[in-house]
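In what follows, a single structure is set out as structure tokens and then discussed.
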Amino acid sequence: MFPKAAAGYSYEDCRATADWLLAQTSLRPLVGIVCGSGLGGLAEALKDQVVFNYKDIPNFPHSTVNGHAGRLVFGTLKGKPCICMQGRFHLYEGYPVQKITLPMRIFKLLGVETVILTNAAGGLNQDYKVGDIMIIKDHINMPGFAGNNPLAGPNDERFGVRFPCMSDAYDRELQQLAQDVGAELGYSDFMREGVYCVLGGPSFETIAECRMLHKLGADAVGMSTVHEVIVARHCGMRVFAMSLITNQAVMDYDSEEKANHEEVLQTGEQRSKQLERLVSAMVTRIEHNTNYA
Ligand SMILES: O=P(O)(O)O[C@H]1O[C@H](CO)[C@@H](O)[C@H]1O
Ligand SMILES: Nc1nc2[nH]cnc2c(=O)[nH]1
């Protein structure tokens, strides 16, 4: 029933995992949240929690990265049923791209309509400061240019169409909602919007690579999110994503700065309460049961 899939999982495999979860809790989540590096504190805001360790969930990969606890948390945020991934999967952990995006299909089969993704990213835009929150308005899928797209392979129409549109990947209403909620919370000074570029990692970028990405139109760079967004949109969920700028990408040969994961986690900790308030306030105001595909 729960095969060890080498690359991806079939519709039936995803259904089996979703049904296994649905049998353990009566909560039916409408919003799915993915916590980025050091941002797992978001899950603590959920009430009436039912928690699963990834290693206990059939078919689920395991978290191997510091700052990604590896727990799936069902609960409510101000009364709204949610599910939260306290930790995500990345290409550099050695998982095939179809495997790191499996949770999006599970979300869909659990009944999730809206996905909110967070990540830690390096700032390429010279106006950005460490601690800024960037609403993602678009992405550049660098591994996708080389054919590493989570939708490559046979397409199952029960999830979505063969050639999904991505020019509307990031829901504009939700971007506006984030701006409005951010302004009400007094966060406007550190809220931005921009383009996120995903790379394979795990090495951080060279100076020449950062300069190139900036010239290509990227405002922030990271190693996640985009694959999840593609799969979430393919199966018709509404998507909002944001980056916490945890470090400045090094763009200058005179700089003494060195990107490191400790700084990433530290910035996450410093901004975690504000991110939690932003996400909670957004979740309470998200409308449901509309056709978002
Ligand atoms: O994108 P998230 O999971 O937030 O993590 C980011 O932070 C890690 C590097 O410090 C990388 O995994 C990068 O992708
Ligand atoms: N690729 C990449 N990922 C990150 N995650 C957090 N900061 C960074 C960064 O500078 N580069």
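Quick reminder: no glycine exception, Cβ is built from N, Cα and C everywhere.
TrEMBL annotations: computationally assigned, not manually curated.
Here is what TrEMBL records for this protein:
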- Ser37, His68, Arg88, Phe89, His90, Ala120, Ser224: phosphate binding site (BINDING)
- Glu205, Asn247: purine D-ribonucleoside binding site (BINDING)
- 31-283: domain 'Nucleoside phosphorylase' (DOMAIN)
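Asn247 (purine D-ribonucleoside binding site) and Ser37 (phosphate binding site) are 13 Å apart (CA-CA, integer value).
Comparing Glu205 (purine D-ribonucleoside binding site) with Ser224 (phosphate binding site), their Cα atoms are 14 Å apart once rounded. For the binding site of phosphate, formed by Ser37, His68, Arg88, Phe89, His90, Ala120, Ser224 according to the record, the largest Cα to Cα distance is 13 Å, rounded to a whole number. Checking the binding-site residues His68, Arg88, Phe89, Ala120, Ser224, Asn247 against ligand 2 with a 6 Å cutoff on the Cβ atom leaves Ala120, Asn247, in sequence order. Apart from Ser37, His68, Arg88, Phe89, His90, Ala120, Ser224, the phosphate site neighbourhood in this chain, defined by C-beta within 8 angstroms of the site C-beta centre, holds Gly36, Val65, Gly67, Gly87, Asn119, Met223. Taking a Cβ distance under 6 Å to any atom of ligand 1 as the criterion, the binding-site residues Ser37, Arg88, Asn247 reduce to Ser37, Arg88. Between His90 (phosphate binding site) and Asn247 (purine D-ribonucleoside binding site), the C-alpha separation comes to 19 Å.
Here the binding-site residues are Glu205, Ser224; the one with the fewest Cβ atoms within 10 Å of its Cβ is Glu205. Just so you know, of the binding-site residues Ser37, Asn247, the Cβ with the fewest other Cβ atoms around it within 10 Å is the one at Asn247. Straight-line distance linking the Cα atoms of Ser224 (phosphate binding site) and Asn247 (purine D-ribonucleoside binding site), rounded to a whole number, equals 16 Å.
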